[in-house]
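Structure record follows, encoded as structure tokens.
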Amino acid sequence: MTLDPDFSKNDGLLPVIVQSADDDKVLMLAYMNELAWHRTLETGKAHYWSRSRRKLWQKGEESGNVQTIREILLDCDLDTILLKVVQTGGAACHDGYESCFYRRYADGKLEVVGKRVFDPKEVYKK
């Protein structure tokens, strides 16, 4: 039985669900390729593959909001990864929120329900 995710599926990109190790709150959804997987295992820090920039990146490399791995789970088909992490800085979202899922959809409207931890204009000065 293989112990690694099956990167032969989905053009080598697998979805990664990221949860807080403290309270199981869903923080974000990202993608990993085999390189990101191995870098994550080597460093103990979450690394992902950016589909838009087409490059490897470490979560928090610009913001300092690094994700330290506490536990890794794989689904039954070995094609989805669940990371339980300790989120440094309190924000997983590049918009400055604790979770990327900071908006609730109801009655055809979006309502901000998450807590903003930082101003992205201050953190990502480009």
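Backbone N, Cα and C define each Cβ position, glycine as well.
As written in Swiss-Prot, here are the features:
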BINDING   Asp75, Asp77, Asp79  Mg(2+) binding site
BINDING   Cys76, Cys93, Cys100  Zn(2+) binding site
Completion exercise
Between the C-alpha atoms of Cys100 (Zn(2+) binding site) and Asp77 (Mg(2+) binding site), the distance in angstrom, to the nearest integer, is 26
Problem - Neighbours of Asp75, Asp77, Asp79 excl. site residues, C-beta within 8 Å of centre, Mg(2+) - result: Pro5, Asp6, Lys9, Leu14, Leu74, Cys76, Leu78, Thr80
Completion exercise
Per DSSP (three-state), Cys100 (Zn(2+) binding site) is coil
Practice task
Which residue among the binding-site residues Cys76, Cys93, Cys100 has the fewest other Cβ atoms within 10 Å of its Cβ, if you could check?
Solution key: Cys76
Handout entry: Euclidean distance between Cα atoms of Cys93 (Zn(2+) binding site) and Asp75 (Mg(2+) binding site), Å
Key = 24
Fill in the blank from the handout: binding-site residues considered: Asp75, Asp77, Asp79; fewest surrounding Cβ atoms within 10 Å belongs to Asp77
